[in-house]
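Step one of this worksheet: look at the structure below.
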Amino acid sequence: MGAVEGLTEFLPVSSTGHMILTGHLIGFDDDRAKVFEVVIQLGSILAVVVIFWKRLWSLVGIGKVTDGPSLNLLHIIIGMIPAGVLGVLFHSAIKEVLFGPGPVVISLVAGGILMIVAEKFSKPSTARTLDEITYKQAFTIGMFQCLALWPGFSRSGSTISGGLLARVSHTAAAEYTFILAVPMMVAASGLDLIKSWDILSTADIPLFATGFITAFVVAMLAIVSFLKLLSRVKLTPFAYYRFILAAVFYFFIM
């Protein structure tokens with residue numbers, strides 16, 4: 001499960017869908033499994049921190065990535081606001097209504113359609129690099145990140161699609177998505193971990209540590225490979241994969 005999490009967390013294929021399917025197939029889907037998923041997700045987040053550490057330092061005023069105008073902390077805050085507000089207001093409702101096999105199948109298909117539409121109707125990029133993203137584009141991407149509150153939609157799938165429609169290049173949208181994910185995922189995972197702390201025991205440490213490390217290593221490889229691949233293959237192949245996954249999900253889980 002650590003490998004599945006690391007591979008799918010930052011690809012536009014829905015890590016949630018893969019984790020539910022994997023947990024079902026191996027018979028690991030109880031409350032302890034849910035805490036395990038939170039822990040290995042933190043391993044994936046650490047991979048982003050390691051890969052983009054210079055950029056993250058620059059956001060808090062330590063060091064500069066470029067001499068000219070560059071991505072700053074306000075870009076990240078603006079991108080966080082829409083999903084952050086909705087997540088806080090409707091956290092319980094989202095958990096109760098959208099966390100289930102049926103909604104996940106629907107979101108897998110809907111997310112795939114969004115990606116195809118974004119590729120078809122996107123215009124030439126005005127922001128080809130991360131440092132050319134405007135505040136308006138950051139807010140647009142943040143609005144599309146709200147879709148990721150629906151399990152199965154995929155954070156990267158929805159935000160990269162939003163970036164394309166806002167005239168941000170594939171690579172710049174993906175890099176912004178990964179950086180934007182750090183505070184959002186740390187906050188969400190931290191909250192879930194605190195709420196589930198009483199489920200953990202010292203006997204779980206070896207299992208959780210193995211999953212954490214595996215997710216970290218695989219996520220490192222997945223992020224680097226995805227950024228190299230994205231400029232050549234675009235989002236469409238991932239959209240078709242989502243349709244296949246939705247069919248598998250429907251027949252094996254529902």
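Glycine is no exception: its Cβ is also placed from the backbone N, Cα and C atoms.
Here's what Swiss-Prot has on this protein:
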type	residues	note
TRANSMEM	8-28	transmembrane segment
TRANSMEM	33-53	transmembrane segment
TRANSMEM	74-94	transmembrane segment
TRANSMEM	97-117	transmembrane segment
TRANSMEM	133-153	transmembrane segment
TRANSMEM	174-194	transmembrane segment
TRANSMEM	207-227	transmembrane segment
TRANSMEM	233-253	transmembrane segment
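Most Cβ pairs under 8 Å with the transmembrane segment (207-227) belong to 33-53, among the candidate stretches 8-28, 33-53, 74-94, 97-117, 233-253. Against the transmembrane segment (233-253), stretch 8-28 shows more Cβ pairs under 8 Å than any other of 8-28, 74-94, 174-194. Note on the transmembrane segment (33-53): residues 1-2, 5-6, 9-10, 15, 19, 23, 175, 178-179, 181-182, 185-186, 189, 192-193, 196, 199-200, 204, 207-208, 211-217, 219-220, 223-224 of its chain, located 6 or more positions outside it, place their CB under 8 angstroms from a CB of the stretch.
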